[in-house]
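This report concerns only the one structure given below.
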Amino acid sequence: MSTAEAGGVFHRARGRTLDAFSSEKEREWKGPFYFIQGADPQFGLMKAWATGDCDNGGDEWEQEIRLAEQAVQAINKLNPKPKFFVLCGDLVHAMPGRPWRKEQTEDLQRVLRTVDSDIPLVLVSGNHDVGNVPTPETIAEFQRTWGDDYFSFWVGGVLFLVLNSQFLYDASRCPALKQEHDHWLDQQLRIAGQRACRHAVVFQHIPLFLQSIGEDDDYFNLTKSVRKEMADKFVEAGVKAVFSGHYHRNAGGTYRNLDMVVSSAIGCQLGTDTHGLRVVVVTAEKITHRYYSLDELSEKGIEDDLMDLLKEN
């Protein structure tokens, strides 16, 4: 499948917004809704991890295809339908310019094209999508393949911000792009800070932190100085939650009144969690979320206590 053919489904993020939702119509709170968060389908990592060669391995991804198909089938069965399905980065394992990247991307797009057309896809860039140290070229490639690397959109009075967390990790090879991203983010947070929205929610690949704001720097979190600066910005703007992936395990914590939610992977697990998805229910007062294994969500659907939240006025 060519990128052009895939464009309709995957290029919904354009001009720093998502064309699936009208910002005019969606500015008003209309009552509770829910969405699905997934992370790290990362086609190719399971083989690379098993062979101990994460840099050069990953020449097979049949397992990940099956898991992604199971995730899509589970989402398509849900009733009522989620407002959207967000994938928080590391869509494929092969880094920019590496072997198998094109094939992994085509296979993932083939699976994602089967998501119910009434459930928009929200695609977040991860380090494997734009590179650990992104460049203008790797960012441009992501945009050609998947749409904008950062953008905002409104759903039912809630402002959602999709960030490119690689700019927060290492922007040494694209400082001008980071500056544009930071300026845009400050503008968006001003809107949130004016309380023009019911809630504000952030999606990014790399977590601010895994358990607590003061934890040591690690491959799987942002550095202390960056995470504190970002977390304070979010708190002051009234952001309720940050949803991320990257860790391939479930984790998270709170800082002041900010919920940092780290979801395990659809694909390769690096801990004891199961391949799964997170159901996120947004009500007038709060955001409630629960991680489901793919088997649980496929077989049983969403539990009654979460469904009851959707009936609140």
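Including glycine, each Cβ sits where the backbone N, Cα and C put it.
For the divalent metal cation 2 site, Swiss-Prot lists D90, H246; matching the candidates N127, N132, N164 against that entry yields N127.
Cα of D90 (divalent metal cation 1 binding site) to Cα of N127 (divalent metal cation 2 binding site): a distance of 6 Å. Taking the centroid of the Cβ atoms of D90, N127, H246 as the divalent metal cation 2 site, the other same-chain residues with Cβ within 8 Å of it are D40, Q42, G89, G126, H128, D129, H205, I206, G245. Packing around D90 (divalent metal cation 1 binding site) is summarised by its Cβ count: 26 other Cβ atoms lie within 10 angstroms of its Cβ, all protein chains included. Counting only same-chain residues six or more apart in sequence, the Cβ atoms lying under 8 angstroms from the Cβ of S293 (phosphoserine) belong to T274, H275, G276. Per-residue pLDDT, averaged over the region 'Catalytic' (47-250), rounds to 98. Separating the Cα atoms of N127 (divalent metal cation 2 binding site) and D53 (divalent metal cation 1 binding site) is a whole-number distance of 17 Å.
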